[in-house]
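> Here it is, the structure in full.
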Amino acid sequence: TWPASVAGPRASVWAPGTGLPKSRVSGHTGTSFCKQMPRVFSQTGQHARSASADLTLKIGSWMPVEVAGCTAATRPTDQHLLTHPGPSAHRKGRKSLGSKMTSREPKTSLKNAYPSAKRLLPKVEREAEAEDYCTPGAFELERLFWKGSPQYTHVNEVWPQLYIGDEATALDRYGLQKAGFTHVLNAAHGRWNVDTGPDYYSDMAIEYHGVEADDLPTFDLSVFFYPAAAFIDAALSHDHSKILVHCVMGRSRSATLVLAYLMIHKNMTLVDAIQQVAKNRCVLPNRGFLKQLRELDMQLVQQRRQAKHSDNIEKAGEKEL
């Protein structure tokens, strides 16, 4: 057993000969503490003395020692790093980590969020990542929509000046005018869906484009990918334009067309596009639309690789000349 003057719940063991500051062990330094150890075991004979030396060696092997240039470790404010934390310290650590995870950080501007993230990767790594990219399956894509999506609201900005909304947003003429929307893409155009049309906005400075689509896995929405993407791209070519892409709920049809736009005109992969949209709005295209987006993704990836291969051949030919 350890004497009361040596042991204690707050005891700190220091490597002998380190010159570290005084420990909290009853006024003893680490060196004096280790010197007392043989006396503690001397009552039990030679075996105890050998055990003491062995224990001293083991303690010295794992306890921190001062390294040249690492004087910061000897500051009083860092002494807690050299003591073994108890259960309460672990609980405090878990609590502080949880508070960090739940704390709200300031949001990055939508205009700079995606490009800045891509610029962090060196060019070689970005090219290697593009070469290794493979379109995920439908289940893996659905999981991307479940990660960190905000709560459902009527309308959200998912890309600079590009919004996804629902039927209530599209029918609110006063709200659209007040918010400054200049373009509306209705992905649920038709009498039995969101029955608006150009006449509904005729007395407003709003340009309308309708896509008569049903939110069914068997519906072929891919035939509207390029026309809808062209309309969105033309709308966003003006600095002061704002476009609303909507359907009934603003989750499936409208989200699918926005994803197609980001893939076609912003050179995003399907994974990049989903991450960009899902972090700003709660969306989930049906399985049939996801399958069509996967096919579009594979086509675009193949086209980009072929274009890059052609460029490399052309550059190699120029070098030879």
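From the backbone N, Cα and C atoms, a Cβ is placed for every residue, glycine too.
Pulled these from TrEMBL:
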type: ACT_SITE; residues: C247; note: active site, phosphocysteine intermediate
type: DOMAIN; residues: 154-302; note: domain 'Tyrosine-protein phosphatase'
type: DOMAIN; residues: 229-281; note: domain 'Tyrosine specific protein phosphatases'
type: REGION; residues: 77-116; note: region 'Disordered'
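If you look at the structure here, what lies around each of the features I listed?
Counting every protein chain shown, the Cβ of C247 (active site, phosphocysteine intermediate) has 27 other Cβ atoms within 10 Å. Secondary structure from DSSP puts C247 (active site, phosphocysteine intermediate) in coil.
Residues belonging to the domain 'Tyrosine-protein phosphatase' (154-302) score a mean pLDDT of 97 in the model.
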> Going by DSSP, how much of the domain 'Tyrosine-protein phosphatase' (154-302) is helix, how much is strand and how much is coil, in residues?
69 helix, 23 strand, 57 coil
